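Single-structure report; data block below.
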Ligand code: AHG
Ligand code: MN
Ligand code: MN
Ligand code: MN
């Protein structure tokens, strides 16, 4: 019988091998994984757990919050605030940063998260997830402010997500490739089920919300139009389309079998670069995709090179199979 490698054993062995996971970071990742287990339990209860429907409040994004948005946010705050590994946290569901209270020791890491991604799918029983990103608190000044979070995605020290679907799967990188862990509910632990995840360089599958087509910029319209012309068109092959409207589920599919995911700028909100949030959606997903051999740009530059100016900054996202991302990015340079 092959030995099951738990998340804990994987992190300990990674630490021994490449030193990428200092003990405080290992604790952080284990605490986040445990919080995701708790969120998964709440998700699985659905109507039986009173977690469906809206909370009647609005978040800083101007979105009506679902009950599970708030529950997941609270689970992550409560799980992480006492451990001594964090200085502060930031969340899609909180206007500003949450500094670890003085009654607890402060650590050297900053944790950012989208506690519940795909909220529009909660009540219709479609896969949703949690996305997280870890930065180091800049050396020096005592205390921590929002400005400490405004680092480019290239400075992340860990990133991952947990997708609550037919399986609950945690996907993680610390800069040495991408590993996947499936929750063994009998043991209550995440078990390594794939490592060295690789995204095919080419694909015949794109993910975009087609209902926004009339609002897109010319380069995206050109790219999708060429895909839709199929084998007799300029691409010389037929394309399939998937759009789950949970970024975690669409990205998980791309990490598993390739594809390109796009949420581009559109003229519905011309002053916003896109719908998705840079710090706790685009950055962690972009690092995972790059660590798996894919690419991630905003149409003009590598997402991980963008220096944020605001905590809840939005960004246009094109990520996945490298050759497709490079193609649609090249169209932005010429159009
Ligand atoms: P969230 O539920 O955290 O607000 O994120 C939803 C995002 C992302 O998960 C998904 O890809 C996208 O919104 C779907 O947008 P549309 O509903 O406009 O297709
Ligand atoms: Mn939201
Ligand atoms: Mn989200
Ligand atoms: Mn969310």
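The chain as shown is numbered from 1 upward.
A Cβ is built for glycine as well, from the same backbone N, Cα and C atoms used for every other residue.
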Mg(2+) 1 site partner of 114, 116 (as recorded in TrEMBL), chosen from 92, 139, 146: 92
Listed in TrEMBL for the substrate site shared with 117, 118, 119, 120, 209, one of 37, 45, 272, 275: 275
Site co-member for Mg(2+) 2 according to TrEMBL, given 114, 117, out of 13, 226, 269, 281: 281
Close-lying binding-site residues around ligand 2 among 118, 275, 281, where CB distance stays under 6 Å: none
For the substrate site built from 117, 118, 119, 120, 209, 275, further residues of that chain with CB within 8 A of the site's CB center: 121, 245, 246, 247
Protein Cβ atoms within 10 Å of residue 116 (Mg(2+) 1 binding site), excluding its own: 33
Nearest of the binding-site residues (92, 114, 116, 117, 281) to residue 275 (substrate binding site), judged by Cα-Cα distance: 281
Listed in sequence order, residues not in 114, 117, 281 with Cβ within 8 Å of the centre of the Mg(2+) 2 site Cβ atoms: 92, 113, 118, 129, 130, 131, 161, 247, 248, 276, 277, 280
Binding-site residues whose CB lies under 6 angstroms from ligand 3, from 114, 116, 117, 119, 120, 275: 114, 117
Helix, strand or coil at residue 209 (substrate binding site) [DSSP, three-state]: coil
